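What follows is a single structure, written as C-alpha cells, with notes after it.
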Amino acid sequence: MPLTLHFYLLGYISPASPIYCTWWTAFEYTSFVSSAFLLAAISVQRHMLIFNGPFLKKPWMRTLLHDLPLILCLIYPVLFYLFAIILYPCDGTQWDYTNNGCGFADCYFAFDKVLGTFDMLVNSATPVIIDITANVILIVRVARQKRRLQQSVAWRQQRRMILQLFCLSGLFFVAWMPGVIIMLVQMLYDPMFLLEIQMDYLFDLIDVEYVFLPWVSLAFFPELNKWMKKVFSCRLAINQVGTSRQQQLDSKPVRVVNHSAMN
C-alpha cells in the first residue's frame, strides 16, 4: 500500500529500476498469498473448533491441525516467490514504469506459462475458493445445528463469528478474483485480453482489502472498539485539561511593578 500511494503521488515509478520492481511485486504477492492461505486455513479450522473441539485439546493434535498449517501458510509463500520472482533469471526489460506495480510484469508470468498458471490456480484462486466454500458450508452446518438443538445464545455468538469470516472472505474475493481470472485467460489464450481494464482498474482493486480491512475489524471486534474509544477519550480529556489551564493562565491579569516608585 505505501508503494502504491508513492506511485500515485508521483504518477510514475521511482526509482525506475528492475530491482525495485522485483522486490515490490515479490512483497505484494507474498503478502496476499500469505493472507489468503491464512484466511483459508482459519476458515477450515473453524469447523474443528465448533464441531470437533475436543480433538484440539490434545497438544499433539493442536500442533498438527492448528499450529503447523498456520506456520506453513507463512513459510510457503516466502519460499515460492523467493525462487519465482527474486531468484528467477531475468534481464528486467519487461517492467512498465508508467503503471502501478510496474505492470506486475514478472518474468515467470511472461516466459513460464506452467509456473504462471500454477501460481494463479494454486496460490491465488485455490485459497479464495476454499475460503468461500468453507464459510458457506459452515453457515449451513451451524444453521442445521441451531435448528436441531435450539441454542439461541450460542447461535448469536457463532453468527458474529460467521459474519467476520464472510466479510473478510468477501474482501479477498472482490479484490483478487477478477484479476486472477483475467490473468489466466491472458496466459492461456490471449495476452491482450482486457489489458487496459486490468491496468487501469483491476490492479487498483487489489488495494480494496487494505482500505476496508480496518473497518471490518472495527465493526466485528467489540473489544478493539472499546479499547480505541478508551484511548481516544483519555487523550481528549488530557487535551481539554491542558486547554483549560492555558486559558486560565491567559486570563489572569499581569501585575506590572514600577521599580522607580519603589526606589
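Cβ coordinates are placed from backbone N, Cα and C, and glycine is handled just like the others.
Per TrEMBL, the feature domain 'G-protein coupled receptors family 1 profile' maps to 1-225. Annotation comment: TrEMBL describes 7-26, 32-56, 68-88, 120-140, 161-189, 201-221 as transmembrane segment.
Ranking 68-88, 120-140, 161-189, 201-221 by CB pairs under 8 A with the transmembrane segment (32-56) puts 120-140 at the top. Mean pLDDT for the domain 'G-protein coupled receptors family 1 profile' (1-225) in the predicted structure: 81.
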